Each structure stands twice: as C-alpha cells, then as structure tokens.
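Student: First the structure, which I've put down as structure tokens, then a few questions once you've had a look.
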C-alpha cells in the first residue's frame, strides 16, 4: 500500500495548474446517461473516483473511456442494464448519482447503497423522497435501492428538509427528462451545482436559477451529447494556497476560479496572506507575514466549505494564537485531529469544534489518513514538521487530488511516494 514520505519543506514557490473539480466531474459524467449521443468532457482530473465512475458507466453498458490526459468520451447509446453493483458503488458515495438519470431515461434503476468517506451519516432519503414525489416507486432491500416508474417521471414541487448537494444533483438530472416543471426548494447552491446545470443545458435541458436555493427545471423529451469542460477544483486550489501559507511561501494557482473561493480567500487574508486574483488565477504571498490563527464555521455554500475544514485545522496548529474550527455539516469529521496530535499539535475537541492552540513547530511522525480531506491536512502538517512524516493509507488522497506530490514537489516540497 502506497505511503507518502514528507520532509520539512522550504517556503513553497512558483506556479501550479489546478485540476478540474472532482465534485463537478462526477455528476457531469453521470449526466451522460441522460443523453442519446456521445458526450465529450474536458478538464476531467485523473483520479481514482473518476476511474470508478467510468467503470460504473461501462458496467451499465456505456462506452466510457479516457481518450487523452484530461479528456473523457462517453457514448451512452449502448447502455443495456440499470444495475449499479455493490463492488463499484461501495468505494464511492457519488455512485448514487446514477439513480436519477437511469430512472428518468430508462424507467428503472437498481443501485447499491453507497460508500465513500466514513465521515458520518449522509442518508440518501432526500434523493428517494424527491424521486417518489416525481412518481417513482422505490424499495430498499438487501442493500439495494430498487426504483421504477411507469412512463416518464412527473414534474413536481420538491422541498428538501436539509441542504444536500447530492440530492440536488440527482433530482435536477432526473427532472430534465420529466414531464412538466420541477421546482427544487432549499436546493444546494455550490458552484458544482451550477456547473452541472450548465452542462445539462448544453445537452438541451432547461434548467434555470442554479446557484440559488430555488432551481427550476422544465422537462424535455430528449437530450443530446455535448462538449463541456469541467470547472476548476476550488478545494484543490484552497489546499495548495494553505500549503503555501503555512510554509511562508508565494505561489500562483493557474486555471483557477477565484469567484468560487470567496469564503476561503477571506480567511487566508485574516491569517496574514496577501491575495491577488485575476480571471483564472490566484496568487498568495506569505513571505515576511506572520501566520495568525483564524476561527472557522463550516456552512453550506456560500458559507465556508466543509471540505476545507481539515486544512485550516492544520494551518491553525502552527499559527500564532488560538483558532476555533466548528464543523456544522458532518459529524465525525475530526478524525485527523488525533493524527495531528501525534505530530505535537495542541488541539482540544469540544463537541463539534476543534480548539487549536498554535505551537512553534510540529514533529514528523507516522500518521494515517482517515478520509480524503483529512489526508490533505496531514500532508500540509508534514511540510512544516521537523524531520520526516510518513502518511499511510493515501488511497484516500488519490480519490480527490491529482498527482498531489508531483505538484507540491514542483513548488519546492520534498515528498516521495513509497511502498
């Protein structure tokens, strides 16, 4: 099993190209199920979860392949079964996103209950309740969701009890081929939702007001394939910016989307960084500026993203003062804290908050990644820890970061992938 061996880094310097967003690419790949003809997707990152998605689409019968580095081609016309098996779905929570498209296009779907990161209860009931409002008959038995509909799904007014990115995506896709108008209230507002809506519209869908909490979808009879480029990954961008900040460096993130990172950039400025942005780039300069701890409260977009919480815990560990990081989205999302404590971090856990008391230095240690973003926080800590840090179970990292050690080494880090 691969590990990362990290040695203390000089201040990171230089420029790094940001990959396409995993959290946008996954639903966009699944949306191809809705089309009658071939879809061509660009800026698709090379990640384990993307490979799992392509394998899942192939299992359904689609011709799904990566044709070059970041280009993916999917011909859905050969789909001949509606069964998403446990073997693939167990490794990736986003597999649930085949449910809505299969049901809308083919009238049935049998999807194993999903896996993914073990960061608390993330129930699929909102997905199922919404599809039932659109006329689906759904049973959950033997670990599978079995859904059917007679004829087309019907447009409906759907109010979601809580904000859910996955449910918003699944229902938005299903509604594109429904009969009539669907209104999603209390919808998620993340940039990845907007990106999916733009892709669906490029296929011929009629989705409006994505990015607001009330999305309208006028169903159409057919969708066609399209060419679409996935938006840049705001979480990868934020992770590199924090890595530069904790090392006292200066970096430029190219192929970025600054408008998707307002909450993160604001906190980095509060931490002492000088931030400059352009249309598709972000520059952070921490040279000569003391790193100051910040308070964070995660919230649905446009609030502070939960996927950046662990990285800011790592920042607070080596910043001046005390910073409180409060997790309001998921329970059980502080599994990185005991690992950071092994490196000498002073963190007190209080219910859903991590109280981080900055220390002058961390010490290298053997640590274990527990989920995707937690693993990123350990890499960040390793960059500034004295001695060597070994991060185990980095398959979590490979699910969401494209060639992270290569990119960081290009900025001056010293990281090796070892067995």
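Any Cβ shown, glycine's included, is placed from N, Cα and C.
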Student: In Swiss-Prot, 93, 307 are given as binding UDP-N-acetyl-alpha-D-glucosamine, so which of 74, 282, 329 is in that site too?
Tutor: 329
Student: Any idea what the Cα distance is from residue 307 (UDP-N-acetyl-alpha-D-glucosamine binding site) over to residue 22 (phosphoenolpyruvate binding site), rounded to a whole Å?
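Tutor: So the Cα of residue 22 (phosphoenolpyruvate binding site) lies 12 Å away from that of residue 307 (UDP-N-acetyl-alpha-D-glucosamine binding site).
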Student: Please state whether DSSP places residue 22 (phosphoenolpyruvate binding site) in a helix, a strand or coil.
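Tutor: DSSP assigns residue 22 (phosphoenolpyruvate binding site) to helix.
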